[in-house]
Amino acid sequence: MKVTFEELKGAFYRVLRSRNIAEDTADACAEMFARTTESGVYSHGVNRFPRFIQQLDNGDIIPDAKPQRVTSLGAIEQWDAQRAIGNLTAKKMMDRAIELASDHGIGLVALRNANHWMRGGSYGWQAAEKGYIGICWTNSIAVMPPWGAKECRIGTNPLIVAIPSTPITMVDMSMSMFSYGMLEVNRLAGRELPVDGGFDDNGQLTKEPGVIEKNHRILPMGYWKGSGLSIVLDMIATLLSNGSSVAEVTQENSDEYGVSQIFIAIEVDKLIDGATRDAKLQRIMDFITTAERADDNVAIRLPGHEFTKLLDDSRCNGITIDDSVWAKIQAL
């Protein structure tokens, strides 16, 4: 089915207000969920909303909590999220990293006691739109086996890197081949994964998203490399925020909350003039996209460049929502 942006935001707002969320908070949160969905990221927009409400109802998310600054060391700050709403808090933290970068050239905010930030790419994009390089990542509950194991002991720990090119170039990736949200998107669409995404119950690689969702044997990106990167990202976020590690979140909390996150902004224009920056970025992009194609029917893509097209399509033709997901939201 198709809905307009206003219909989608209104549905989110209604549910949030029914939970006695303050009007301005409900409006801002609904806006972020709707913008994420409008950009084509269903997995962390509309599809994730019922799960968000479940955590809100369970008390994992404290909607009226206010993040508090704990430590300030010039370009580096440490904050406690107080388990406030994840996407609103993350937006505020990247804004703060940008403010620090405007003063120091680079700004880093380490956040503890946070909730799921939904679409991590929103915060990298937020920085890049203002001309900054944006880098951020989060840890999570243990939902992925480390390389060589059957049991989940590491997080998917998504990493975002956004560059202020024209258009914005951005990598937004979990440390697994596919996020659990993308497994759901493919399962709901009745599709196999395009490449192996995990192991089946017999230990064989599989492209079946439903199987991986059930047994949680999701495949690390790049096999042992993604496993290793997940581990060190967790360590850095834990140490800089003085927050909870994947192990602590998993063993001490009843669900995925109280996670640790990092937000970095770099004001590149302090290091290079605008004309030179643009020329260098364009040369990089042209060098890549003019390579001989392996398949004439498949374009060479740069990461993040598809989002402008997806956004335009949603605004022209409406936002596609899975019927079963829409029914869940209407029932909340």
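Cβ from N, Cα, C; glycine included.
According to Swiss-Prot, the features are:
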ACT_SITE  H44  active site, proton donor
BINDING   I168, T169, M170, V171, D172, M173, S174, W224, K225, G304, H305, E306  NAD(+) binding site
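The highest number of surrounding Cβ atoms within 10 Å, among the recorded positions H44, K225, H305, is found at H44. There are 26 other Cβ atoms within 10 Å of the Cβ belonging to S174 (NAD(+) binding site). A coil conformation is recorded for H305 (NAD(+) binding site) in the three-state DSSP classification, outside any helix or strand. The closest partner of H44 (active site, proton donor) among the binding-site residues, by CA position, is S174; the full candidate set was I168, M170, S174.
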